[in-house]
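As structure tokens, the structure follows; a few thoughts come after it.
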Amino acid sequence: MSTANPGGGKGGARRLVPSFEARMLLPALLLLAAISLFPFFYIIYMSFNEVSLIGGVDFEWVGLENWVEMFTDPNVRNSWITSGVYFIATVGLEMVLGIGIALLVHELVWGKNLVLSMLLLPMFVAPVIVGLLGRFLVDSTYGLYAWFLESTGLITWEILGSKTSALMAVILMDVWEWTPLITLIVLAGLSSMPQTVLEAAKVDGANYFQRLRHMVAPLISGVVVVALLIRSMDAIRYYDIISVTTNGGPADATKVIPIRLYETAFRFQELGYAAAIGLGMLAFSILVANLFMRILRGQERAR
Amino acid sequence: MRRRASAAGAMGVPGGLSRRDFLKMSGAGLAGASLLGLAGCGEQSSQGGGEGWKQYSGMTLNFISENTAPTSAIAANLKPFKDLTGIDVKINQLELGALVQKVSLDVSSGDPSIHVIYADPYQVLAPFSAAFADLNDFEGDDSLPSVKKGFGDFIPTQLAAAGRFEDEEALYALPYDCPTMVWMYRKDLFEKYGDKMSQDLGFDPMPSDKITWDQYYEIANWFNKNASEVEYGSGHQSKQYDSLMCDFSNIMWSYGGDYFENGEQVGKIGTEDPGASLLDQDGAVEAATFYQKLVGISHPGSTSWDWTALDEAFRAGNIAMAPNWHEFAAGIEDSNLGGKVGYTRLPGGPTRSASMWGGTGLGINGELNEDEQRAAWLFLVWATSPETQLSGLKSNVGGGTPTRQSVYEQPEVKNATKPPTDLPNMLTYDAVSEAWKPENIGLRPKIEKWNECNTVIFTELSKMLAGDKGPEQAMRAAKEGFDRANGA
């Protein structure tokens with residue numbers, strides 16, 4: 001908190017009086033502390049304890065046991081690997097498709113708003129509904145996609161019953177829902193580009209791909225990194241769709257780390273261990289966020 | 001530390017005089033009781049012994065349940081309870097996993113809000129038994145209505161499996177539903193192809209408990225090759241989920257395998273210390289080997305089907321037969337397959353024919369205050385009464401199957417076991433009544449760490465079915481997972 005120095009000057013009496021701005025911020029800061037800092041430190045404390053729930057919460061200090069288990073548990077390691085595959089696939093596909101669609105929509109002369117409205121629809125569906133819808137569509141008994149893929153001979157096996165296709169299916173469900181968000185963010189970046197510069201380049205004879213590479217890409221790189229950051233944070237804690245489609249199976253092929261966390265906390269009642277896994281997820285999120293923020297700052301400096 | 005709630009034992013109406021005592025002492029009470037009898041006590045006495053139904057009028061109870069047919073039937077028929085007691089009931093129906101989570105949070109909150117708990121014996125009762133009230137205290141309380149016909153009217157194996165944990169005396173839940181796995185098959189296809197199949201296979205293929213699992217495999221394979229009406233002979237609920245453990249356990253028990261030493265007692269009463277797992281023993285490994293072979297020739301959808309999806313596939317006519325939960329019979333008889341399906345006990349193995357029982361009880365949250373627990377008891381007595389169970393059986397929203405012997409003895413219920421019938425679940429009665437006998441029932445372990453062990457077994461089986469591991473390797477890994485969870 002900042003302090004004021006009413007005496008002023010060298011040697012003046014310094015008093016620890018919060019500035020006006022700090023006093024105005026104080027209620028909000030206290031509220032923030034209550035709803036985020038307290039649970040944060042509580043979870044850290046939980047991760048060093050075995051927690052029993054019955055008859056009220058009860059802690060038993062176990063030191064680093066939960067942390068050692070987290071780093072040595074092969075199941076948790078496998079879930080991190082699955083999360084990594086999922087993370088790279090979803091964020092990668094969403095970025096490529098989202099940017100591509102945004103560039104196409106940006107070039108539309110008429111009907112842009114209508115196309116954009118339709119493109120954004122998946123984003124407004126709750127993820128759990130996307131999961132239920134996806135499960136319905138690929139179900140071998142009544143699913144439209146399952147019927148189509150089998151009729152055409154493209155996929156003749158059970159989509160959610162095979163390891164690779166199940167993982168692909170949940171990745172594609174996420175891509176279907178969240179690619180529009182990337183499109184929207186990138187479109188905002190494209191709309192804010194200085195049109196005069198682009199037109200000047202066009203007059204100078206630069207073709208579309210030259211303009212894209214040397215002008216559009218540098219101009220929208222900032223918003224692309226922001227989009228990447230937002231989706232990355234979401235992808236790390238991805239839970240809903242897998243929970244209602246495969247619940248981690250088959251053979252743990254879709255058991256990403258949030259599913260493992262839920263299972264540990266609410267099925268096995270091992271809240272201390274789950275706290276350690278959750279903090280591991282938080283550390284990973286901070287790491288990824290810092291990475292992207294560094295890239296963003298680097299771009300700003302380069303300009 | 002384990003804490004037992006014994007709220008009702010020390011309870012009574014203000015002044016230390018029970019309502020029953022008061023009525024005994026009062027001539028006016030007798031007269032009043034006569035008048036009340038004309039107005040509505042007939043209904044009260046039909047629900048259970050004793051008075052005191054109205055003492056918590058105006059209260060609201062929260063009942064949390066898995067989204068099952070019996071609860072749907074109760075939800076559609078709550079008015080009689082409201083009329084009887086003046087108590088409102090809010091029902092929250094959830095998927096079982098979400099229910100476990102809600103119960104765990106509620107009993108730990110210090111401010112419990114759930115009164116009546118759908119107490120799955122394995123996923124709720126065993127891990128949270130210390131949070132349940134002992135129902136003996138309420139049953140022995142003169143100021144409360146008692147269970148009509150007593151606890152002895154419940155099917156004994158179900159009373160123990162659904163209601164007890166570790167202790168032969170304490171009772172934490174009253175049997176509420178009793179889904180049991182039976183062999184469901186397309187009667188029309190067996191009639192059409194029976195002779196040909198018999199010639200080709202060299203045995204009478206008509207489903208019965210005399211058929212072995214090996215013969216079941218041969219029948220399924222025969223359908224795969226010869227019947228155009230269905231896509232595959234057999235289907236299974238082999239998704240990486242609870243359903244996979246259920247499906248496999250039938251076969252494991254029939255091959256003489258078990259989860260723990262003294263498996264019958266561990267299943268019926270339960271224990272906190274089950275000891276080392278037996279999943280790496282010959283019976284379990286042989287069963288796993290067979291199960292892998294059987295699922296290999298079954299509908300490929302099997303590895304993504306839970307019990308609901310399997311039932312949908314069966315109803316859609318995709319498979320000729322399946323081990324399925326008997327309570328699905330009502331829906332099947334109401335579908336295009338009505339009248340075309342037969343129900344019998346599951347095939348046998350080298351040791352026996354075992355049928356997984358998946359029943360559940362209703363329990364009372366022992367963290368509540370006394371009055372709330374007593375009001376919840378009223379709901380338990382009503383919801384598990386013969387009248388309510390019969391009403392559930394007749395319900396047009398699916399209904400359940402009774403857990404009381406007296407209901408099955410009623411003429412209209414007995415007559416419903418043969419088609420045509422208005423109570424389609426009763427078509428399975430011949431199969432399930434045999435399955436519930438102590439020597440046939442299949443009870444999974446009732447242990448505190450069951451949720452973890454369950455996850456271990458269905459995950460290892462899923463890995464085996466996906467080809468990641470062989471049966472022996474999968475069973476060894478499952479045993480290690482069980483032992484780690486139980487500290488054995």
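A Cβ is built for glycine as well, from the same backbone N, Cα and C atoms used for every other residue.
The transmembrane segment feature in TrEMBL is assigned to A:24-45 (among others).
TrEMBL lists A:80-292 with the feature domain 'ABC transmembrane type-1'.
Here TrEMBL flags A:84-105 (among others) as transmembrane segment.
Feature annotation from TrEMBL assigns transmembrane segment to A:114-138 (among others).
Among the features that TrEMBL reports, transmembrane segment is placed at A:166-191 (among others).
If you look at the transmembrane segment (A:212-230), the same-chain residues 6 or more away from its ends with a CB under 8 A from one of its CBs are 91, 95, 98-99, 103, 181-182, 185-186, 188-190, 193-194, 197-198, 201, 206, 288-289, 292-293, 295-296, 299-300. Annotation source TrEMBL lists transmembrane segment at A:212-230 (among others).
If you look up TrEMBL, you'll see A:271-293 (among others) marked as transmembrane segment. Within its own chain, the transmembrane segment (A:271-293) has Cβ neighbours under 8 Å at 43-44, 46-51, 53, 62, 66-67, 69-70, 76, 225, 228-229, 232-233, 236-237, 257-258, 260-261, 264-265, counting only residues six or more beyond its boundaries.
Beyond the ends of the transmembrane segment (A:24-45), by six or more residues, the same chain brings 18, 59, 275, 278-279 to within a C-beta distance below 8 angstroms of the stretch.
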